[in-house]
Amino acid sequence: MPLVANSDLPAFERLREEGETVIPRDVALHQDIREMHIGLLNMMPDAALAATERQFFRLIGESNQIAQFYIHPFTLKEIQRSLEANHYVERYYQTFEQIQAEGLDALIITGANVTQPQLSLEPFWKPLIKVISWAYENVTSTLCSCLATHAVLDFRYGQKRRRLSSKRWGVYSHRVVNRSHPLVRGVNTRFDVPHSRFNEISRDQFEAAGLHVLAESEKGGAHLAVSEDLFRIVFCQGHPEYDSISLLKEYKREILRFASGQRDNYPPFPENYFSPKIQAILEEYQEQIIIARDKDLPLPQLPEPLIVDYLDNTWHDTAEAIINNWMGNVYQITHSDRKRPFMEDIAPDDPLGLRRPT
């Protein structure tokens, strides 16, 4: 169903150009269709701010529930940004105080760049806890992506993420391990998810916290899980929202870090992402980069036109199905008053009625 362009945020026009259904606010007001209000706490760095909006907006807009989706982006002022990015946020984003006053039906919390050895030392730590704590009491369901999952497991459940021996970077096959949960209804029992992280929460840690793992990977680890009530918090360790080119952009960034001396070794390929044909192109490019760096020559451009058309996206349809299920279940139990999380007959400790004895 359609996204509603409830502000001048450039993401709406970009998505419209890509073929997504986006309707003007004045048109939406004349349609007799229920509204749903979804918050997006966007903690990503400046360069990824707008792309992250589009990735999550697209997944929500592709849901086929009978509702108009109003998306409310906001961020945390404690995250350091450029002057240009701050102007962008001031123009297009709401404040957390506005979000609290108006209410939400659902909330998505993105990942973030970290600079400290422990999450609790990050400048955004306490404000993030405030948002998550408010959401648990006032929002029907919160979806946590990557670092947000690690933060919730840390402060709410006492499970600290653990450093991996090497970066988990690539596209990994996952298997649904709880096929009866509504979030994975109609989803392929095996599906791919991109990962890009140095740390993880293991399945044992999820289960020690009383949480329920729904999908995991032999190489990628636990990906999808839900809180003890089976719905109010949804955890993702991977990045199902990623575009086809997201890992390519990360790979390009790491090449530039190598060329500038910020990393010692040339970056490896993200696992299970580049085809043999693309790898051959990139191996030749690696030789050119090393020569340019060693001889202090201008760096050659990454031959993206030769690469992009051969990148396969093997995860988006499953991500779309899971978000569709999430939105559908929120729709079924959220209160018509967006300041209230549940309808009167919904039990907060079992909102989907999955724990009731049969």
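Each Cβ is built from the backbone N, Cα and C atoms, and glycine gets one as well.
The feature active site, acyl-thioester intermediate is assigned by Swiss-Prot to Cys146. Feature annotation from Swiss-Prot assigns active site, proton acceptor to His239; the stated evidence is sequence analysis. According to Swiss-Prot, the active site annotation covers Glu241, on the basis of sequence analysis. If you look up Swiss-Prot, you'll see Lys167, Ser196, Arg253 marked as substrate binding site, on the strength of sequence analysis. The site 'Important for acyl-CoA specificity' feature in Swiss-Prot is assigned to Asn113, Leu147. The feature site 'Important for substrate specificity' is assigned by Swiss-Prot to Ser196.
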Three-state secondary structure, which DSSP defines for His239 (active site, proton acceptor): coil
Local Cβ density at Glu241 (active site) - other Cβ atoms counted within 10 Å: 26
Residues satisfying Cβ distance under 8 Å from Leu147 (site 'Important for acyl-CoA specificity'), sequence separation of at least 6: Met43, Gly111, Ala112, Val114, Leu119, Arg197
Listed recorded positions (Lys167, His239, Arg253), ranked by Cβ neighbours within 10 Å, top entry: His239
Pairwise Cα distance for Ser196 (substrate binding site)/Cys146 (active site, acyl-thioester intermediate) [Å, integer]: 9
Those recorded positions listed as Asn113, Ser196, and which of them has the most Cβ atoms within 10 Å of its own Cβ: Ser196
Structural state of Ser196 (substrate binding site), classified by DSSP into three states: strand
The residue listed as 'active site, acyl-thioester intermediate' versus recorded positions Asn113, Lys167, Arg253 - nearest by Cα: Asn113
Span of Lys167, Ser196, Arg253 around substrate - largest C-alpha separation, Å: 15
Length of the line joining the Cα atoms of the residue listed as 'active site' and Asn113 (site 'Important for acyl-CoA specificity'), in Å: 17
The residue listed as 'active site, acyl-thioester intermediate', number of other Cβ atoms within 10 Å: 21
Other residues, Cβ within 8 Å of Lys167, Ser196, Arg253 Cβ centroid (substrate site): Trp169, Leu247, Glu250, Tyr251, Glu254, Pro270
DSSP-derived class (H/G/I helix, E/B strand, else coil) of Lys167 (substrate binding site): strand
Rounded inter-Cα distance in Å - Lys167 (substrate binding site), the residue listed as 'active site, proton acceptor': 14
